[in-house]
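Notes for the one structure printed next.
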């Protein structure tokens, strides 16, 4: 049902008689092979099969434009050029992935790619915040897609969440930790009482902060991202020049500690709020009550809260930067483009995320074959030797103990609760151990068993 | 560029000569006017203009099928029938919204709607988990969309996040608090030391739990949702019958407290994990380290963690149930359908979420017009009367004090830090107050000012 699409810059989908999609891959070109470019190349290569099952079509890197090789990428077999403009003119390429950063060449490159009928995926927040209005107008004129999920909060699909997931709402406000470098510095200042300058130096040594850290610590990077978020939340044009931006360079550990004493944490937030009079658009250090989820987002992690009139407050959390987290968003945009142009409009996004003919028969395991750590509570009759017997039953089955707690003070009818947390082990093994424990004369009644997951 | 669509059950988009979309609204029918149905009706009505600006077309409720009126909805002017099958046969209706719940009538109704060429939006997790494979096959056959974001975690767009936002990843595992009733009970047990039965009775009185709470407290509801999440994460067919399900009815406050003493929180989790041997699919009480973000998701709120090989761990948080949060997801699905079928495929989702001709000129406010609470640190020369002068400066400008802390012990060069947190006030007012404070003879140097946001 439904014919195939045929558009400028995008080859027709080839269908065999029985309606199968052809295996002809979509061809992408990657401009820039730095951290994000390298990650994008690696993710496309490593997850090629998984991605094709989701997208309905393979995705092939037809060309890379880069000045230098990236030692973290094995690009053997992929044509490389030093000239990005050669890549955007390459008639083989359907989608141009712009990962060179900056405003000037990137703008020219993206406009040229659109002119040539290419779809564009970019991670460039500065470009979108400053030149987005121009770029989007050109894209509409030429009938191509421009996607930019990776421009805000790295791997967290927050643009998609606001633009599509919360489309029923009148958005009231949003607030985000959208610069990982800044959050790393504030986390260290709070947890270890270190001074700003001291932590900044470490962040630079760790590669979290640039040699010139101005964009991160003065809030400019966060203001780029906030500008984009505010536009998609409130339906206003991009207006980076109107954002109020205040950095974290003047924060002292004294204020971090006083805030703590008052029940607050200090975070560098981007805040956008709709009021009768207009939109507040501001980046600055902010005290947040310590019990809020977002106040507990630490290190280089990012999180964005979005409050809508129907949904209330929601939060999206994850890695805001880095090689593969950012690549995750770039490649998701590529998949969106492929799905939008390749598959049937009615089933653009497959119901179960993967194409119906690409579901797997990987079995669901019975619970006995599942693996978990376990919390065990044993009611021990208070006589010597029970602990040794318990330990021996567990060790005979290769079950290691992570921690143990015996509450003598809570003795009750001559029974003392003994609490154990094990390492990860197969459920069948713990069942066997529990049966043996319950058979011990020194153990009363049933052993309480609750699973433990680290979730990190 | 690109013509209009014309499909069974969906009227052609009318375009005027200059390419403007017609104002002809898409017509939806709502089956069921209970909590979610009522919420959906109200959100569609209240946010009609905002939604049309996002979707590119108005959305009109053409008919409601309900046995009883909902006192929270003013349905004046909307045709109501008592027969859901009359609604799905209504030739006027483009999209059927199924909100009656249950497996039997809902299944028949949805299959009939698809047969009639209607697109379907449903919030029915049981229906999708148990009959999804059949429903999706029928939808593909008929070329209509079936959308079900509201079936998992209410207003949190987590299906979209996994299915589209994380499509670059090989998903390793996911874990979610996906039943608000259960989480409310566990939160009360931990925070107030209350027994399970006692809290369950309160939850029933508050309307969080049904008269028959089995689906919630025995984990069946969570297993429905987990089944759906696992399928879209791993690309496997829906297999609800293979999920391992364990409830929270046997949890004691003793174990909740011991877990706490060991540094853990107990949450009722749905866990799905990919292993070499197969997929783990299990719902059970789980100890989680207390410092994990998800361990701090309390009350009726939901959260889902998803770990992918490229992105690492991400988390999605929000209201998992309730009238308008669930409606938020239902209506977002409706907007997805309208966008997919109405607008140009290349610009299906507008760059800035709202249609380019529907952006607003609501101004960005200068920082002086923004409102916030403020943390102020004043270095007071330690002589009597400074506090009175400070209080008088603030009160003269209508600035109320939320809390105050004076650290005599931290006297330094004869200066004592005085810390204030104000109520919300306009930035211009605080600037004026700070200037007056700095002019006081009893105040040394500059006043430190950091903004405070409650974010609740």
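Numbering starts at 1 and runs along the chain as it is shown here.
The backbone N, Cα and C atoms fix where each Cβ goes, glycine too.
Model, not experiment: these values are computed from the prediction.
As recorded in TrEMBL, the features of this protein are as follows:
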type: ACT_SITE; residues: B:225; note: active site, proton donor
type: BINDING; residues: B:31, B:32, B:33, B:34, B:35, B:36, B:37, B:38; note: NADP(+) binding site
type: BINDING; residues: B:125; note: NADPH binding site
type: BINDING; residues: B:210; note: L-homoserine binding site
type: DOMAIN; residues: B:375-451; note: domain 'ACT'
Based on Cα coordinates, which of the following recorded positions are within 10 Å of the residue listed as 'NADPH binding site': B:31, B:35, B:36, B:225?
B:225
Env. residues of NADP(+) site, Cβ within 8 Å of mean position of B:31, B:32, B:33, B:34, B:35, B:36, B:37, B:38 Cβ:
B:30, B:39, B:40, B:41, B:66, B:70, B:99, B:100
Write down the Cα-Cα distance for the residue listed as 'L-homoserine binding site' and residue B:36 (NADP(+) binding site), rounded and given in Å.
15
For residue B:225 (active site, proton donor), the nonlocal same-chain Cβ neighbours (under 8 Å, six or more residues apart) come out as B:125, B:129, B:151, B:152, B:153, B:176, B:178, B:179, B:270
When the pLDDT values for the domain 'ACT' (B:375-451) are averaged, what is the result?
93
Counting other Cβ atoms within 10 Å of each Cβ, which of the binding-site residues B:32, B:34, B:37, B:38 scores lowest?
B:34
As a whole number of Å, the Cα atom of residue B:31 (NADP(+) binding site) is distant from the Cα atom of the residue listed as 'L-homoserine binding site' by 21
How many Å separate the Cα atoms of residue B:38 (NADP(+) binding site) and residue B:210 (L-homoserine binding site)?
18
Three-class DSSP assignment, residue B:31 (NADP(+) binding site), comes back as strand
If you draw a 10 Å sphere on the Cβ of residue B:35 (NADP(+) binding site), how many other Cβ atoms land inside?
19
Cβ atoms other than its own within 10 Å of the Cβ of residue B:210 (L-homoserine binding site), all chains, total 14
Report the same-chain neighbours of residue B:33 (NADP(+) binding site): residues 6+ apart in sequence with Cβ closer than 8 Å to its Cβ, ordered by sequence.
B:41, B:64, B:66, B:68, B:69, B:70, B:73, B:75, B:99
Could you measure between residue B:35 (NADP(+) binding site) and the residue listed as 'L-homoserine binding site' for me? Cα positions, answer in whole angstrom.
13
I'm trying to understand the geometry here, so how far is the Cα atom of residue B:32 (NADP(+) binding site) from the Cα atom of residue B:210 (L-homoserine binding site), in Å to the nearest whole number?
18
Check the DSSP secondary structure of the residue listed as 'L-homoserine binding site', expressed as helix, strand or coil.
coil
How big is the Cα-to-Cα gap, in Å, between residue B:37 (NADP(+) binding site) and residue B:210 (L-homoserine binding site)?
18
Within the domain 'ACT' (B:375-451), how many residues are helix, strand or coil going by DSSP?
26 helix, 33 strand, 18 coil
